[in-house]
Amino acid sequence: MMDLSSKDALSDVLKDTHAQSSDPSLWAIFGHQSSDNVHEGGNESVSVEQEIFDLSQLSERPVSETVSKASIPTNINGLSQVKPSALEKSQEVLSLQKLPIKGRRPAGRRGRPALNTSNSLERNGTRYVSAEAPISVKSSIPAIPRVTFERLCYESAIASNLPPNALSPLEAEMLSEILENPTWLSLYLSIRNGICYLWHRNPTLYVSFNEALGIVREKKAFPLASLAFEFLSRNGHINYGCIYIISSLKLDESLSQKTVAIIGAGMAGISCARQLTNLFAQYEQDFLSRGEKPPRIVIYEASERLGGHIYTHMVPLSDNEVSEKSSLATTVNATNECMVNLLTDSLIGMPTLDSDPLYIISSQQLSLDAVHTRNREFILHDIENGRIDTEHVQRIFRLFDALLFYFNASASKQPLHSLITPPEQEFIQKLDQIGWYISIEAFPLQIKDTLSEFLGNSANTLTSLLHLTVLDLKIFEWFKEYLSQSLSVSLENVYPGSIPNLNLLLGENVASYSFKHGMADMLNSLASTPSPLPILFDQCVHTVKLEDNTVNLSFVNETTVSVDKVVICIPMDKLNTHLITFEPPLEEKKLKAIDRCHFTNVKKVILIFKTQFWEPNISIFGSLPQDSGRNFIFNDCTRFYEHPTLSVFVKVEGIDFMKDDDIVNGIVSQLKKVYKPKSEAINPIRTIISNWENNSYTNHSSYQISNLFLEEDYAILSEPIDNTVFFASEAISQKNSGSIRGAFDSGILAARDVLASLIGNVVLPNTLVIEENLEQPRKTYGTKRNAQQALGKEGERENKEKRISYHTEYLRLRQKRLDKEQQECDLLIAELLGPSPVPPSRPSANPYLLYQKTQWHVCKTLADQDKQRVTGDPEARATKNEIRAKLGKTWRALDSLGKQPWVDEINARRANYSTRLEEYQRQINSYNVRVAQIKSEHQRRCESQPIPEDEAKLKLLAEQEDEHLHPEKEGMSVENSDDDYHDDLDYEDSISEVFPDNFS
């Protein structure tokens, strides 16, 4: 490490700051706060003559000067753009008139107030559907083939994290009772998917209500479109993020206005505030109909910056510290600055980038400069034997990823397709792709209580089955350590189902993204676009007191504010401490749920170098675990920071006694062991360490579900208090807990609940679908005939299309019933017989391919030696083509006796394949016989049941419709008949059956 100053100068700079290290290249983040040398502004650094930087001296506000000024609202109770003192801000902004108490309202669904509100149709002036409605059907449907449009709608529903062919759990809770009719349900899903298409077609523009109604094809479906639009808008599936919603209403300044306070300016608080801004603009008419303006939003942040755990800092570099080969030196108008993230460097698109709302906001709405990565390149070194072959490492990685998939899939609730294709069979298929085979009849893996125990037992079991070597097990242990560092938690604390997207963290083709100007750039843009959110810094709330329908907030600066709604967006562990006091206190069940949350701490060490000495274009590298000493895993951040940079995550547990410079020395020492020939270049010019545990407001780096956490704790943590105090945190999100995405989702859901408490839940209309009168078909047909006479040939063609609607609807409903019966039959087969036997994979018939697979490492060593001898470079490595050429040359050099071992192995595999194929044929024949029996019995049982009433009614109407369409059949004469001649005896027999007594 570089010595940049003398000992005396060091003591002068760190006087009374209690910095954790005296190393000039070491920055202690979040140490003891000091008021000396505080520099106002955004991501600007403190200039110190001795070139020692202590981030505890920095102002924590990373927002640019323009954004920070715009963050303070104007024209609200006389607020000024100049930063006032805390007392002045409290007196000017927070002195709100106490709103009149309106009393408690009757509770509605799930204990929420049953307010009298209108649905979307009524708000927009369409209380019923008529021919004079100003909204045009099909106006939002693009001029593309219908098959293409339906495919786009299907993909858009998936991108909105909704099942395209079924109701989501929230939709089922709201609409399952009123959408019992399969026809209505199918129509609703098609409309809902179409609205999702309108949003994902261009998420920079919000989807208006009239545009959503234009997705329907008939006016009778307008109420369903209204419901779908309400659900998608309120739950944040559409119209989220940085969108500008035009308001055409004139607000009366004399109207009253409520206030919604948000405590905390992290990702949860900013996303909640931005979503509330969008919702209040969309539902402006609802508030005006109540005689009030849309509520104002105020965000209170205890620190001097926004972001919480999202922290980006600018590192200044001198000219001689920037290498000519780095991207900083080659960028036009580039400054000698390096933006580093103190926690998360990248976000994972879960499950894909198209379905990640944060990626949609950052890439399409904000157009931030993103860096994409898809495949993780792992480079491992053996300190004694050098670098390990990449394909060897990748093979063990795919085995490790398959184990994570099986652990995650077995613990979750399986849908229909997973019952037919269970995790065991998919795991076997993944191994078969790698080149290993195990039998499903003797499946060896068993789910254990923790992930650590599962991986340990699986490694022991698979060692004998797959003939894993000692090197394979060392690589496997390295991946276990990497997963533990990625999760920031010990694998002993990860139990089945605790991390829903566990297999995506190490996925082979999972896309991730970051931002060149730091992760805070996304949050700052979200807070300032399209209009700045009103954020007040240095406002630490210590008491939340509920009185009737209002909330009194008391701050540490002895000011008090009365608001109508409060959203608590601070870390969950702070609710169980004395940082914020609740009056009345929180319920015991909520406190117990908070105790079951698990918060961990890690130190992130960032090393900036002048030149890059490690392999380019890689993601992660490290060395195999040693018998003694701590093993570090290095993340290449060069593509993020545009300068040669490595980051290392170090667990705080067990190293509390170590100083920061000791940790850095250990990391640099391991780097020098891995890259011995380049040890002289391994000298960082800057070192940054994050110490989150020393921060008063975010004294942990990550959140993780403990093994004591219960599934119902999610609902307990998010449950509001008296429909007035709401909660949002990364711990509340069930799908993405402990992540930035989870904090964003919790803010969206909290905004939904706040809106429902202000204007009420979605009001279900009395009639979902305005249908034709089905009980008087003859009158309807008569009306159609009159219309046909009035309209002529064009009306005849149009009414003819309407006449076949009953027949088409009957066929569709009948086919849906048959599909449901087939689905039930498949489930029954899966439950009784299990999955279908898997055919054995055909072995290779070429002995050279087997030789190539087994002798790759030997020929690679020979090719490397040849390359080093020719080039004279002891570090030279042969390319893949050169290794393949060496393989072919050595194979051709072998005689028939030398090739015989591989030929014998191929013959043995063929014999084994023949035996397995015969066994498979026997099993599949027996399986097919049992399947045919089950299908026959199931079909007989279904045919014995009566046809559903709706289908029977449509069948009758279809038959009547067919009679009206072909009336000539009834009056067909004998001369015009094409039927064959019938014997008179048949005619007499039919007459005798009708008149048995009187006929003779």
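Including glycine, each Cβ sits where the backbone N, Cα and C put it.
Bear in mind that the values here come from a model prediction, so they are computed numbers and not experimental data.
Check Swiss-Prot against the ranges 45-75, 76-106, 107-137, 913-943 and you find coiled coil recorded for 107-137. All protein chains shown were included, and the count of other CB atoms within 10 Å of the CB of V260 (FAD binding site) stands at 25.
The Cβ of R290 has fewer other Cβ atoms within 10 Å than any other of the binding-site residues G266, R290, R296.
C272 (FAD binding site) has a Cβ environment of 30 other Cβ atoms inside 10 Å. Taken residue by residue, the domain 'SWIRM' (153-249) breaks down under DSSP into 55 helix, 0 strand, 42 coil. In this structure, A302 (FAD binding site) belongs to neither helix nor strand by DSSP; it is coil.
Listed in sequence order, the residues of the same chain lying 6 or more apart from N278 (FAD binding site) and placing their CB within less than 8 Å of its CB are Y206, N239, Y240, I243, I245. The Cβ neighbour count for E284 (FAD binding site), using a 10 Å radius and every protein chain shown, is 18.
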